[in-house]
Amino acid sequence: MGTSVDAPAVVAEEVTDNMLGGKKVTVVFVLGGPGSGKGTQCTNIVEHFGFTHLSAGDLLRAEIKSGSENGTMIETMIKEGKIVPSEVTIKLLQEAMIKSENDKFLIDGFPRNEENRSAFENVTKISPAFVLFFDCTEEEMEKRLLGRNQGRVDDNIETIRKRFKVFVESSLPVIEYYSSKDKVKKIDAAKPIPEVFEDVTAIFAPYAPKV
Ligand SMILES: *[C@@H]1O[C@H](CO)[C@@H](O)[C@H](O)[C@H]1NC(C)=O
Ligand SMILES: *[C@@H]1O[C@H](CO)[C@@H](O)[C@H](O)[C@H]1NC(C)=O
Ligand SMILES: *[C@@H]1O[C@H](CO)[C@@H](O)[C@H](O)[C@H]1NC(C)=O
């Protein structure tokens, strides 16, 4: 997996045969471990490159809060400790993309694993333009998380290591899958935030809104 922060040669993924009623979209998956700084950079990308940020967790919470029939169903499942089927969450992502006036989406923290990826592609028939991967060593992430959460008991070293392990085990197969299709743009996320943003800018420049 080579570091590739070069601007992509091809800009928009031509997707006509998707499940968004033919709406053409550019989808970027954003992956990175806890403390990799991907949240900060997502905010930057939304602000500077006109993407709409989507998070599966936020959409689930919004659906529950809306009190819709589906929302109530989701709430009940979570309360009963059942796993919300991937299809449900993916349908929410799909709906959000159809409803949005935008056609450029950052899907944050998704797909978490190979099952998520395959379900997304099966349901939406969309493949991402690329995957933005915030690569950071475990030592660096630990340092950041411990610094950020001083005094918080739930973020002790054990919890952090466990989250990191889960991230690596479930997400690496997804990264490898897209790497084999030459779709991973890896960023050295251990660098200071402004430098990381420079790399992000190089990648997203072709997507900047035309003035
Ligand atoms: C992703 O996978 C996890 C673990 O299997 C599952 O709980 C979750 O519902 C899936 N999410 C989506 C959006 O597919
Ligand atoms: C509820 O979810 C199903 C499948 O996930 C979807 O087809 C349907 O449109 C949803 N209903 C509403 C009111 O959003
Ligand atoms: C997606 O479709 C493929 C091919 O039909 C199938 O093998 C795979 O199990 C499906 N994935 C999910 C998560 O349903």
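Placed from the backbone N, Cα and C atoms, the Cβ positions cover glycine too.
Feature list (source: TrEMBL):
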{"type": "BINDING", "residues": "GLY35, SER36, GLY37, LYS38, GLY39, THR40, ARG148, LYS191", "note": "ATP binding site"}
{"type": "BINDING", "residues": "ARG61, LYS82, ILE83, VAL84, GLY109, PHE110, PRO111, ARG112, ARG152, ARG163", "note": "ribonucleoside 5'-phosphate binding site"}
{"type": "BINDING", "residues": "ASN116", "note": "CMP binding site"}
Distance check, please: Cα of GLY37 (ATP binding site) against Cα of GLY109 (ribonucleoside 5'-phosphate binding site), rounded to an integer number of angstrom. 12
For the binding-site residues SER36, GLY37, GLY39, ILE83, ASN116, LYS191, which sit with their CB under 6 angstroms from an atom of ligand 1? ILE83, ASN116
Among all the protein chains here, how many other CB atoms are within 10 A of the CB of the residue listed as 'CMP binding site'? 19
On a C-alpha basis, identify the one among ARG61, ILE83, GLY109, PRO111, ASN116 that is nearest to LYS191 (ATP binding site); the candidates are the binding-site residues. GLY109
THR40 (ATP binding site) sits from ILE83 (ribonucleoside 5'-phosphate binding site) (Cα to Cα, rounded, in Å) at a distance of 29
Work through the binding-site residues one by one (ARG61, GLY109, ASN116) and name whichever has its CA nearest to the CA of GLY35 (ATP binding site). GLY109
Using DSSP, would you call PRO111 (ribonucleoside 5'-phosphate binding site) helix, strand or coil? coil
